[in-house]
Amino acid sequence: MQNLLCTNPSFSPVLIHNFSLLSFIYSVALPRMSSKAHSSNNIAHARRTVQQLRIEASIERIKVSKASADLMNYCSEHARNDPLLMGIPASDNPFKDKKPCTIL
Amino acid sequence: MCDQTFVAVTFGPCDSCSKASPLMNIYIKNEPINYCSFCVEMMACQGLQKGETLASLKRECDNLKKKLEEERGKLNDVELHQVAEKTEVLGALSVKTRRVLKGHGNKVLCMDWCKDRRRLVSSSQDGKVIVWDAFTLNKEHGITLPCTWVMACAYAPSGCAVACGGLDNKCSVVPLSLDKTENLAAKKKSVAMHTNYVSGCTFTNSDMQLLTCSGDGTCALWDVESGQLLQSFHGHTADVLSLDLAPSETGNTFVSGGCDKKANVWDMRSGQNIQSFESHESDINCVKYYPSGDAFASASDDATCRFYDLRADREVAVYQKDSIIFGASTVDFSLSGRLLFAGYNDYTINAWDVLKGTRVSVLFGHENRISRVRVSPDGTALCSASWDNTLRIWA
């Protein structure tokens, strides 16, 4: 919801920095807030994180070169069907104004 | 940190103590376990007695994170823009504003196209949801919601209903009727109930299921007819701002991005978080799948858009320029996936070459920040919604 508070663009760059600083301070302050009553919560949370990381570490990955080649192939295969990329004639595009027809 | 109140998925007898209470659905070794919150705590304490301390778990956590980074790094043999040097350079886009849709009284926060490629729905801060015919600029339906800041709206695949939600913490579905005199707000049905604002919603492949994401840090899948929660997705540690469904017919995954700077990919059937990407330096405002479904892009308050490949499990491109200092709030791909349109808080839309990583064009015209950019289903036009109370169609 932070971005909703920035109404004037000339102030935004300063505000963005402040918020990132605040969120950094907040994230550093959080561990100090845990007390004995929350320790079992932390363990459950840590276990869930470890499990999640185990799942993520075990997935199969392919090389970036192969992934990039596939992305490029997809782009070139579909490029000719892409109206915004290729441009289609005004008569086919319902949004473009058609030339007025002259009645002879 | 957001209010991550637990939406109780099920209520019933706990698997271990048999007392009826709200159950926490957790997964242990991919098996779903339904324990009441007391038994979960007991289980966690038992884990402690077996010699697992918080410190040892944290160490394992850090080791796994390092291992993950190494595994991902091993496959980074070349950059996307290097591979793309062979492709031809794109010429400048000849895209101009063709229509300006005026009618909202306040900031337009969200819009969505209908599958018929001519209608679109938009929602605004004043609580109004309007269905437009983009060819004729006709306002076909207008729905007034009791809440302000309607941040999410979506068109049903059949074109017969729209979903909208926002600060009322709910997402409602409104069936659209052909009868213009009928009061549509009376037929509104509340489907999703969250404990914080609803930031994004989308129908799945049919009108029957609705996927929502919320400021309470969760995403949820709902049955429209009964309003029942089918699956909830927990894992984000802050507000979730955006989600997108994978494009393929058989695909059962979606990606979500939030204020915790993470973009997570989820399996809709199991509720499991499959992959997670954390490379942005600030809140992720929008995520969108690449048309092939193998990659997705994200827009963030750190003024960059990034492109992640799911099969390589890493970020493969960053779209940034020193002259762009304002956050990006929305992204969408063109039909072939070669162009990425991103709307920024400096009132412009930038078109990026996805493969080469360079900026192709800048679209000027709006007088306030862009809240949403969407390419029409057949790719002929781009619609942008803005805080200047208008929507523009570019073609």
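Glycine is no exception: its Cβ is also placed from the backbone N, Cα and C atoms.
If you look up TrEMBL, you'll see B:54-81 marked as coiled coil.
Model confidence over the repeat 'WD' (B:101-133) stands at 94, taken as the mean pLDDT rounded to a whole number. What TrEMBL records for B:101-133 (among others) is repeat 'WD'.
Under the heading repeat 'WD', TrEMBL lists B:191-232 (among others).
For B:233-276 (among others), the entry in TrEMBL reads repeat 'WD'.
Counting residue by residue with DSSP, the repeat 'WD' (B:277-318) contains 0 helix, 23 strand, 19 coil. Positions annotated as repeat 'WD' by TrEMBL: B:277-318 (among others).
Residues or ranges marked as repeat 'WD' in TrEMBL: B:363-395 (among others). Counting residue by residue with DSSP, the repeat 'WD' (B:363-395) contains 0 helix, 17 strand, 16 coil.
Among residues of the same chain six or more beyond the repeat 'WD' (B:277-318), those with a C-beta under 8 A of the stretch's C-beta atoms are 72, 75-76, 79-81, 241-248, 251, 255-259, 261-265, 324-333, 335-337, 340, 342-344, 352, 354, 357. For the repeat 'WD' (B:101-133), the partner stretch with the most Cβ pairs below 8 Å, chosen from B:191-232, B:233-276, B:363-395, is B:363-395.
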